[in-house]
Amino acid sequence: MELPSGPGPERLFDSHRLPGDCFLLLVLLLYAPVGFCLLVLRLFLGIHVFLVSCALPDSVLRRFVVRTMCAVLGLVARQEDSGLRDHSVRVLISNHVTPFDHNIVNLLTTCSTPLLNSPPSFVCWSRGFMEMNGRGELVESLKRFCASTRLPPTPLLLFPEEEATNGREGLLRFSSWPFSIQDVVQPLTLQVQRPLVSVTVSDASWVSELLWSLFVPFTVYQVRWLRPVHRQLGEANEEFALRVQQLVAKELGQTGTRLTPADKAEHMKRQRHPRLRPQSAQSSFPPSPGPSPDVQLATLAQRVKEVLPHVPLGVIQRDLAKTGCVDLTITNLLEGAVAFMPEDITKGTQSLPTASASKFPSSGPVTPQPTALTFAKSSWARQESLQERKQALYEYARRRFTERRAQEAD
């Protein structure tokens, strides 16, 4: 079974909390005073909810009381097809939308969820996670947990996506390790709805997600139970995971993708450090109609090549494609930001300084060329000589490029 390409990471993860629609933004501004009052009030109520959940033993009464109090906090939990819940199944599989998915499911049925990539701590326990010693022996520990004979049995709630999505477009690729614990799992689907703002943001912390949950009027969590799924004869963990992923995606009306948590991390990295195009790049590339981008790039690369003839043309074009600016590319090449193997310069090319000085006269003194190659005795002297030669070459290249642009302007 092959996964479809599906939507890209920009559609699976929301980068902005506030709505883009002007009307919704206006409504949010008008609601803000009420939201702040609700936030303060719910913070005090939330402390009582936490204390009650810690004081009462795990039972139907505790889940009913805490579920009612959470509804006052604006966290509404609903479920469909609860009759399909098989209490003999020890592994529950769900898609992941918010940092509080496990808390919501725990209001509906008893379950435990391990916290991945985090050491045991008070925060881990207070958030309702099961404390594990480490991920190195995670699978073996969970197998022993499921094999225990304690009554009543506590199932595991696992999120094979390992990272939360916006819950609208598609699912991340399911990891195979949750499907190596037992040969039967029970999937469930989780849909989250919230007015005015996004349900979750890709780079937000769980604290900010909690504050936004208390700020908005309500957040509705809809849980739908599916029938248990058994491993087929000779089916590998990866195939089992893929089959369950497609089943969950079909029930949600979404697409199962090949994207992994690493793709989410790369997407967030690109969002935090976008490639900036300097203003000079806009003047270097004339607006359409005009030459094609390849012709423009070749023209700019030729300009840099005339200033720095010892730099390969391919290196110049690659850096220009990133910067879009002749000045910035020259600076990168002179300062060593771009590695390259210098080309052999012919005699005609070596005489360029003299020719350019007579063809493009300047008011300032001619930049002296590097002296004959000598090897200084001390490392300090060699470093100083290198810096002087680099500065001289840099000043010469800048002057030659400026004179050429002035002549083109005339």
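Glycine residues also receive a Cβ, built from the backbone N, Cα and C atoms like all the rest.
When DSSP labels each residue, the domain 'CUE' (296-338) comes out as 32 helix, 0 strand, 11 coil, counted as helix, strand and coil in that order. Per Swiss-Prot, the feature domain 'CUE' maps to 296-338.
What Swiss-Prot lists as intramembrane segment is 21-41.
Annotated N-acetylmethionine per Swiss-Prot: MET1, in sequence order, evidence recorded as a large-scale study or a structure entry.
Marked as phosphoserine by Swiss-Prot: SER5 (among others).
What Swiss-Prot lists as phosphoserine is SER288 (among others).
The phosphoserine annotation in Swiss-Prot covers SER292 (among others), and the record cites a large-scale study or a structure entry as its basis.
Taken from Swiss-Prot, the feature phosphoserine covers SER363 (among others).
What Swiss-Prot records for THR367 is phosphothreonine.
What Swiss-Prot records for 255-295 (among others) is region 'Disordered'.
Annotation source Swiss-Prot lists region 'Disordered' at 350-369 (among others).
According to Swiss-Prot, the topological domain 'Cytoplasmic' annotation covers 1-20 (among others).
For 42-410 (among others), the entry in Swiss-Prot reads topological domain 'Cytoplasmic'. Summarising model confidence by region, the topological domain 'Cytoplasmic' (42-410) averages a pLDDT of 79.
Taking Cβ pairs closer than 8 Å, the intramembrane segment (21-41) reaches residues 74, 196-197, 211, 214-217 in its own chain, all 6 or more past its ends.
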